[in-house]
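Colleague: Quick one: structure below, then a few questions.
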Amino acid sequence: MSNEIKIGDYVVIQKQNYKKLHKFNKADSSISLGRDTVNLKGIDGCPYFSVFKMIPKSSKRNRDYTVELAQEAVKLKDEIDIKVSGSDNRNILDDGNSQKLSASDIETLKSDSNKASDIVGTLINNSNTFHNKTEFSQDKYLRKKEKKYFEYFQVIKPNLRVISEIMYKLDPGKIQNLRIDTLSQIITMVNIHSEGNHLLYDSGSNGLVAAALLSVIGKDTNGKLLHMHPGNMSQKQALLAMNFPEEQLNRCVSVNVYSALRQFYQGCDTNNGVDKDIQTSENDENPLKRKADETDEHQSKKMKQEEDEELVESLDKTDGDKPRGNKKPKWHFDNIAASEILQNKMDSLVIACKEDPQNIFNELVSFVKPGRPFVIYYSAVEPLQQLYLTLRPRANVAALKLTCNWMRNYQVLPERTHPEVTMNGASGYLLSGYVLK
Amino acid sequence: MSFRNYKDKIEEGDTVILYLSNNLYALDVQREIKNKKGEMIENVYQTPFGALKVKTLIGADYGTKIELTKGWGHVLQPTPELWSLTLPHRTQIIYTPDISMILLQLDLVPGCVVVEAGTGSGSLTHALIRRVRPHGHVYTFDFHEHRAKIAQEEFKDHGLADFVTAKHRDVLAEGFDKDLNGKADAVFLDLPSPWLGVPHALAAIKEEGGRFCSFSPCIEQVQRTCLALQEHGFQEITTMEVLQSEIKVSRRTVPVRDLSFLKQKSSISPVEEKPSSETSYVVGALPQSNPGHTGYLTVATLPPVYVRGKSKKDDDNISSENGEKMVVDENV
């Protein structure tokens, strides 16, 4: 991937700590950042990491912006010079009278001023108490206001870390509460690397687990990822957002789990006659799939129409090669490819599912070579506890371990270092082990 | 050589992991070893379950069951994770939960160049190598001469020498190799004074930017490192802590005590005041002793040169247009 923003790329728009994934599919596509609508015309061809300033289109009131390449993001702290500070808050009274400007004054100020520092500067000058606040308290005030009035954003390249963070923040339920630390451990626990054939069953992480594994398999390597899913179409959002080169993306074979296993055991998909049967039987599976994913689909429709449209659009593109020479759909070839990979046995197994993991594990573990690791992710502990007890007496697995993770972020500032006041508590559980002969 | 590629069968010279009822041992598969007198004798490995004649492993499949006089176990091919649990400690080491996060936070994928200081016992180094191979490279430094030498030999023995350069060097005093300037995608520091390493990290990271991570047990180290990172133009400076707990699963049968009969005067008297039945649960309990702290991970992004450090020392005379174009051209 080059260092310049190109039309067609997935890009990440970062405004302060807020990050948003965006498919930059038109030179003048728009993106909503909070209540603001920003037209991205002009970012095409700029290097990644460039800083852009948001310029109000007409008046600030309708919150429509265009962008302009900026030298740097100006910090409020650098623009506003604070001369005096208090030593503590003993003389500060919260009587509602400290701000001399009225609410309507402030509204006018907000829509008339072009610079955040003008607004905040005026607010400060009209405050009776600001200069009695401690230096730390003033700093906190400025940081808070900066968040509100920040006029700059950066365009950065998506990668696994950023995508995982965005998806978790936006709606952890859609990726089964799979937090970045747990995701990072899935990758290491099953020893995913540039080599080998890796098997993934994923029924609901929006492609995040597949993206994680494929990114670590890497470009221009031999590793393959067999990505099984229960639906007609795999969830690919995160996978596409990684902007993987064609060569790498092609080493991720996404197949419907029913079709792939039917092909493996019954091998029916080699002549044309049987081909039709498969297609109809796959259509039969639709109702089943609908039921399972119904809630999820509803959610996604509500939450991110924009992204869904993008998703559909890009899926269309990837399936554009559907009718090949002999008019067989891509999935036909994918099933055969999957079956061939399975014949050679797999070097790892990852399951991240919504269903009861037990049957899925029992079926898929038979494809894993002896001595190779597996890991099962589930958002609640009970199904994994049950599975643990079922597997423990078995001779075909060893080193069973059920783990959970705890992660805490810190505010690190001179004299003000402490853990952040909120933690992301939900992270799910991992059951890992090794397959034996 | 069992660290390099996936293998199905055990060969002489492999390191294998012996898994015996929740205990792991790393074992070199050699038919014969030297005894105290320097004579070659048959290699017999003593386990808690009895002696293992090592030569019997040769030709066996990985994942296979091995019989011992007082029990049985399994042999596994080493992974960086199994190696972290079995390696000979020459220093404190970083374990898998932190390692996993470090790899992800450093944005490492095959092909990356990563610089590490110090090497220590090579626990993280093995995981770094696995992540960046086959096209990438790990440069690792330790200021302890002997330790650096052992690590170097170990990587060679493990068949990983193509992917790693291990050197003796006091990075804080001398910086990284000059040859590494502008070569690294990521820099990892596990040093007593990581803030002193920040300028060296800045020098090592590529013009198009990269990631930084420092592992420090103490918060004072973190504070100084964060300040140094800020001064040197790093962005997105984040500090975090990751802990993993193992859940002990068991089936527990618990007595059921009925108290509802007390509401009425019972016709049948006397009712026994003890549990009336039993019920069974699958329970997961956290162990009594749990890791409470390993170290703080401080991570940061170094942006590409064309946006680097502008907020710090502003050079107004540099025209951004031309500057950017030139840098971009170099990178294409």
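Placement of Cβ uses the backbone N, Cα and C atoms for every residue, glycine included.
Predicted automatically and left uncurated, TrEMBL annotations should be read as such.
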Colleague: Pick from B:D142, B:D162, B:D170: which one does TrEMBL list with B:S121, B:G122, B:S123, B:L124, B:D190 for the same S-adenosyl-L-methionine site?
Modeller: B:D142
Colleague: Once the chains shown are all counted, how many other Cβ atoms turn up within 10 Å of the Cβ of B:G122 (S-adenosyl-L-methionine binding site)?
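Modeller: B:G122 (S-adenosyl-L-methionine binding site) is surrounded by 31 other Cβ atoms within 10 Å.
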Colleague: Counting only other Cβ atoms and using a 10 Å cut-off, which of the binding-site residues B:D142, B:D190 scores lowest?
Modeller: B:D190
Colleague: Under 8 Å Cβ-Cβ from B:L124 (S-adenosyl-L-methionine binding site), six or more apart in the same chain: what's there?
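Modeller: Expected: B:I93, B:I94, B:I99, B:I102, B:E116, B:F188, B:D190.
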Colleague: For B:L124 (S-adenosyl-L-methionine binding site), what is the secondary structure by DSSP, using just helix, strand and coil?
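Modeller: The three-state answer is helix.
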Colleague: Cβ-Cβ under 8 Å from B:S123 (S-adenosyl-L-methionine binding site), same chain, 6 or more residues apart: which ones?
Modeller: B:P80, B:W83, B:S84, B:L87, B:I93, B:I94, B:Y95, B:I99
Colleague: May I ask which residues of the same chain, at least 6 positions away in sequence, place their Cβ under 8 angstroms from the Cβ of B:S121 (S-adenosyl-L-methionine binding site)?
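Modeller: Listed in sequence order: B:L87, B:P88, B:H89, B:R90, B:T91, B:I93, B:A151.
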Colleague: So the record assigns B:S121, B:G122, B:S123, B:L124, B:D142, B:D190 to S-adenosyl-L-methionine. If I measure every Cα pair among those residues, what is the longest distance in angstrom, as a whole number?
Modeller: 13
